Each structure stands twice: as structure tokens, then as C-alpha cells.
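What follows is a short report on a single structure.
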């Protein structure tokens, strides 16, 4: 290519770098997808060849990234008014909306076909359904229509361990759905805590977040109710096929801390929060990240130890 | 807008092109590895040709 092709009309000072395109794939969400899908794959009773296992995780991650790019394409208007999202590549003016759409569609097709070829059709179809669910059902339809948007979005984020399991076994069973339920029930308290201390963001974007539609008092109550259900479920999972003594010990400690945090959030009023800059909400949010990582980590440890007669019950 | 010989834009685009190139090369290696694993697995069988099925 000669410099003749770089005429003034084509030159953008903020021309996208490789990293900007990568940022469209929401790398932090992708890391959660990789980890939970890996746990689903390794907790499955049938072993997979390492190369096939690597391909499965890679294509599930690319599928997750493609959903992220399509989400950024659709939500570009609200991303530019929210402090948390206005530095994303589209609102920052580095990548065009059309480019995000093309990248998202191309990677969706690639990931679904390659996962089906590398593992089985069922896994590929389930990945396609997950992308459809996140982009069409959540992003396009329900995110701006209902205050329960977070609950629905949580379902999309909870599918990866199920896909990982199907990629390994080619069949469905109850165990991956226990992992699904763990992420699904964890998402609302995690995001509502964030909404409490990033409050102006969702107001400005006109997204019907629970804090806006039902008020902050109701959101605190919702966090507590979901945390109680989550804690009961997470501890009960310890007695199932994916659990074991290590998982149970981790679950008891983390859920006690999480419940304590939720009760504290429920008891606080806005004046106290303003005074300490939402200290309890921020630490609950941080704990929630550790919570999910350690629960899945414990499931992984149980699965890895099982062949040596140590994991599980 | 005039361009210096080594405009920052060149560096950025070079990085982008290198990134895409490496990804494509990685993808080729991955497909090759996957093919080898699939073909050498114990439960692999060649699909029957139509003419063979008729015989």
C-alpha cells in the first residue's frame, strides 16, 4: 500500500488500533466466560483431548466476545452517556458502529461453526442460542424494557459452563445447570450493588435499572432476597455431584460473608452511604467478584482431585 | 493533512496488520492441529462414498 491511499479524507487521528478491536470483545467478561466454561468442561465425566478442549474454550470465548461486540454496537447511544462505558471504542470514536456489527457477526459465525466442528453440533447450537439470547433477547429487547433486565442478562452470562460440559460430553445433565444457577443467582446482587454506587449512570442513560424504577430502598431489599436464595442454593450445591468437602467449606465461608454484606447494605440509608462514599456497597461488589471465582475454583479442584479418589463425596 | 514519512498512523496500522496476520497464522495452526487430532483419534472412520454404499 502506498501513501497515496492515505489521503486526507481517510485519515483519522483516532484511527483504531488492534487493542481497540479487542476491547470490543469485552475482555473482562470474556475472562469470566473462559474460566466458567473451563470448569464446566473439566468437571464433565468424559475426558477430552487437550487440543479439542483448548479449541472448545477458545471458540466459546470468541462467541462471548462476539456477543460483546454486538452489544456495544446496539448500545452505542447509551454507552456514550454513562461514565463507566463512555471510553469504550465506539463512544470514544475509535471504531465505527458498522465495524463493530461486522466483527460481531463474523466472529459469531466463526465461533459457532468451529465449536460444532471441534466438538459436537449440540455444543455449537447451544453457543448460537447463547449469542442470540444475549444480543436479541437481552440487549435489544429486555434491557431497556424491564427493571428485571439484570436477572435476564445474568442467564446469558451463566450459559458458558453448560456449553463447556456439552462440548465434553455431547449430552445434557443436571450438574452443569447447577453451575448455571450459581452464576444466574449471583448476577443480580452483583450488578445491583454496582448500580447503587454508580447511580447517576443509569439515570442518565434512561435504562430501567431497579434503582431508578423501584427506588434504592427496594433495590437494597432485592439484593438481600437474592443473596439469601443464592446462599441457600450455593451451600446445597455442595452436597451434589459437583460439590465435595472443599467446595462446601469454601461455600460456607463465602456465603456467610456475602450474607453479612447484603444485610449491611439492606440496613444502610442513603445519608450514611453518601457520608462514606458507598463503602459497604463497594466492598460487597468486590467480594462478589471473589465469590464467583472461588466457587467455580472449588468446583474445579473437586473435579481435578476426583480421579485420585480425593474430590467429591 | 500532510504526512511525515513515519507518521504515528503508520505505526498504529502496522501494529493492527501484524495483529491480524498473527491471528490468521494462529488460526491456520489451530485448524491443522485439530485436523491431526481428529484424524488420528481411535474412533475416527472415513465416511463411506455413495458408490461404495451402492455396492
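Residue numbering: from 1, along the chain as shown.
Glycine too: its Cβ is placed from the backbone N, Cα and C atoms.
According to TrEMBL, the protein has these features:
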{"type": "TRANSMEM", "residues": "A:27-44", "note": "transmembrane segment"}
{"type": "TRANSMEM", "residues": "A:51-74", "note": "transmembrane segment"}
{"type": "TRANSMEM", "residues": "A:112-138", "note": "transmembrane segment"}
{"type": "TRANSMEM", "residues": "A:150-171", "note": "transmembrane segment"}
{"type": "TRANSMEM", "residues": "A:177-197", "note": "transmembrane segment"}
{"type": "TRANSMEM", "residues": "A:223-240", "note": "transmembrane segment"}
{"type": "TRANSMEM", "residues": "A:246-263", "note": "transmembrane segment"}
{"type": "TRANSMEM", "residues": "A:284-305", "note": "transmembrane segment"}
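Listed by sequence, the residues of this chain that lie at least six past the ends of the transmembrane segment (A:223-240) yet keep a Cβ under 8 A from its Cβ atoms are 174-175, 178, 181-182, 185-186, 188-189, 192-193, 247-248, 251-252, 254-255, 258-259, 261-263, 265-266, 284, 295, 313. Segment contact holds for the transmembrane segment (A:27-44) and the transmembrane segment (A:150-171), given three or more CB pairs below 8 angstroms at sequence separation of 6 or more. Among the recorded stretches A:112-138, A:177-197, A:284-305, the one sharing the largest number of Cβ pairs closer than 8 Å with the transmembrane segment (A:150-171) is A:112-138. With a threshold of 8 Å between CB atoms, the same-chain residues lying at least 6 positions outside the transmembrane segment (A:177-197) that come near it are 36, 39-40, 43, 150-151, 153-155, 157-159, 161-162, 165, 209-211, 216, 219-220, 222-223, 226-227, 229-230, 233-234, 237, 240, 242, 258, 262, 265, 273, 277-278, 281-282, 284-285, 288-289, 291-292, 295-296, 299.
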